[in-house]
Amino acid sequence: MTATLENKDFHYPINCILNAFLCFTAITLNCITIHALRKTSSLPKPLRILLLSLAVSDVGVGFLAQPLYSALLGIAWLQGTKNDLNYDSVYNAFITSLNLFSAASYTGVVILALDRFLAIHLHLRYHELVTQERLLAVVVLNWVSAAMLSFLRLLVSKYIIYRIYAFLLISSVIMTSILYCKIYATTARHANQIHVMQVDSMRQTGQVGDAARLRKSIAGTFLVYLAFLLCYLPHFATFVAIFISGPSDTVQVWRSYAVTIIYLNSSLNPLIYCWKMRQIRHTVVEMLRANVLRCRRLEITQTAKRSQKRSSEFPIPSTVNMRRDELPR
């Protein structure tokens, strides 16, 4: 398969349509998730902060990165890429936004795994060590570092930036995989201990419920990591293909789809939160139910106002007045 003009006329519009749809879902689902996380007080604060950071990154993808990518594909499709100032300016803005949100996502997933690792290993000491202020400082530092890396591309060669991001992605995957392997081993050991120990005595201290909630949150964050890995893997594969065989039109076509799959990750994360985290799911359901009831009340109020307005414009004569009019004079 070669990227001829016919292929370009097919692949670029398809990518534009896909990104327009994913842009809408990323913004809508993550805005709902952010509002739900703010209202879900039963979720541990450290976990809420980290999930909020990831959701903000996903909203940024929908608001900024995906529209720029769609514009980039549209310009490349209609005008071409060579010696085009519009293409170059949009490309620089797109790459800067992609690097910003990708770096924030890389390290955000690692921090999330590290938080769950500390929660299951430190037990009671976790709340003493992982305070809200420290975690906020880590999240802010993560975003500042991502912003510095994204704007560093304007100062140094793009090949240096590619190496930095390749190292960042590979190290993030390795570190997160090691953390979840350790988490799995620890949860398996705890499950065996709980099975052996007297469950009744543990229920009195609430350890069974806490352990179950912790395992569910770990399962949810692991799925976030797995979705992240699967969505970024095709893009990494295109870099490997370019490194081995050099750039080609075919690789560029597949690379355009690989970037779209990266953006798919921003729409998958909110679905994973609602699926695997009961507290968030209940909050979202309550929010949707409240909005439906509010819309129904508004509809009933508007219907009543319209009926009242109609009756005032066309008053119905009373029975007494009708009888008086019927009397002979």
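Just so it is clear, glycine is given a Cβ too, placed from its N, Cα and C backbone atoms.
Sequence annotations record features per position, and here TrEMBL assigns transmembrane segment to 12-37 (among others). Residues 43, 48, 51-52, 55-56, 58-59, 61-63, 66-67, 69-70, 73-74, 76-77, 256-257, 260, 263-264, 266-267, 269-271, 273-274, 280, 283-284, 287 of the same chain lie 6 or more positions beyond the ends of the transmembrane segment (12-37) yet place their CB under 8 Å from a CB of it.
Residues annotated as domain 'G-protein coupled receptors family 1 profile' in TrEMBL: 29-273.
What TrEMBL records for 49-78 (among others) is transmembrane segment.
The annotation transmembrane segment is assigned in TrEMBL to 90-114 (among others).
The feature transmembrane segment is assigned by TrEMBL to 135-154 (among others). Long-range Cβ contacts of the transmembrane segment (135-154) within its own chain (Cβ-Cβ under 8 Å, at least 6 residues beyond either end) map to 45-46, 49-50, 53, 92, 95-97, 99-101, 103-104, 107-108, 111, 115, 161, 164-165, 168.
Look at TrEMBL and you will find 160-181 (among others) tagged as transmembrane segment.
Per TrEMBL, the feature transmembrane segment maps to 222-244 (among others).
Look at TrEMBL and you will find 256-275 (among others) tagged as transmembrane segment.
Counted over residue pairs 6 or more apart, the CB atoms of the transmembrane segment (256-275) and the transmembrane segment (160-181) come under 8 Å in fewer than three pairs, which marks the two as apart. Long-range neighbours of the transmembrane segment (222-244) within the same chain, counting only residues 6 or more positions beyond its ends whose Cβ lies under 8 Å from a Cβ of the stretch, are 54, 105, 109, 112-113, 162, 166, 169, 173, 176, 180, 183, 251, 254-255, 257-259, 261-262, 264-265, 268-269, 272-273, 275-276.
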